[in-house]
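Q: Below are the features listed in TrEMBL for this protein:
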ACT_SITE  E69  active site, proton acceptor
BINDING   Y16, E28, E76, E85, H86, H87, K94, D95  ATP binding site
BINDING   E28, E76  divalent metal cation binding site
BINDING   E69  substrate binding site
TRANSMEM  31-50  transmembrane segment
TRANSMEM  56-75  transmembrane segment
TRANSMEM  96-121  transmembrane segment
Amino acid sequence: MATAFSWKARLKSFVYAAQGIRTFFASEHNAWLHLAATVAAITLGFYYDITPKEWICVAGCITLVIVAEMVNTCIEKIMNHLSPEHHENVKQIKDIAAGAVLVAAIFAAITGCILFIPYILHHYPFN
Ligand SMILES: Nc1ncnc2c1ncn2[C@@H]1O[C@H](COP(=O)(O)OP(=O)(O)OP(=O)(O)O)[C@@H](O)[C@H]1O
């Protein structure tokens, strides 16, 4: 039977999720790289005064990559916990999860180039 709805329980879930985000950024080296890329993209966005639609693209890319990395981290931790010994299936699972992050990061990098290169060329004409 479902338990009764409780705002206190919902608030607790929110706090636990925030703890998860804090743990991710405090302990994962890849998270620091994503954070550095995020700061760079936001700085460029303000510097070139990009449009609201372009901000949505930037925010979407940042979110996509960070969410992919968080899910990848979860999969790594689950596999390390359940199957610490070497196994070919574990390798495939971990590599596919890492590949998902790479796909997201390539998409974000391509989007960043399409978005920012015209601004850079416009502000610094080389000819
Ligand atoms: N238990 C395991 N069984 C088989 N292969 C594994 C196992 N653990 C890791 N691997 C594989 O070994 C390689 C290196 O994994 P490892 O997690 O050390 O590096 P990584 O992906 O760079 O990790 P991190 O992002 O934490 O630095 C990857 O191909 C991974 O799939």
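Please read every residue number as a count from 1 along the shown chain.
Glycine too: its Cβ is placed from the backbone N, Cα and C atoms.
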Q: Should we count any of the binding-site residues Y16, H86, K94, D95 as near ligand 1, judged by a CB under 6 A from one of its atoms, and which?
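A: Near the molecule: H86, K94, D95.
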Q: Can you grab the distance from Y16 (ATP binding site) over to E69 (active site, proton acceptor)? Cα atoms, rounded to a whole Å.
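A: Distance between the two Cα atoms comes out at 19 Å.
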Q: Which state, by DSSP, holds Y16 (ATP binding site): helix, strand or coil?
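A: Helix, per DSSP.
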Q: If you count, for each of the binding-site residues H86, H87, K94, the other Cβ atoms lying within 10 Å of its Cβ, which residue has the minimum?
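A: H86, out of the binding-site residues H86, H87, K94, has the fewest neighbouring Cβ atoms within 10 Å.
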Q: Within 10 Å of each Cβ, count the other Cβ atoms, then let me know which of the recorded positions E28, E69, E76, E85 comes out lowest.
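A: With the recorded positions E28, E69, E76, E85, fewest surrounding Cβ atoms within 10 Å: E85.
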Q: With the ATP site defined by the record as Y16, E28, E76, E85, H86, H87, K94, D95, how many Å span the farthest pair of C-alpha atoms?
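A: Answer in Å: the longest Cα-Cα distance is 32.
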Q: Between the Cα atoms of H86 (ATP binding site) and the residue listed as 'active site, proton acceptor', what distance do you get, rounded to the nearest Å?
A: 22
Q: With every protein chain in view, what's the tally of Cβ atoms within 10 Å of the Cβ of Y16 (ATP binding site), excluding that atom itself?
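A: Result for Y16 (ATP binding site): 9 neighbouring Cβ atoms inside 10 Å.
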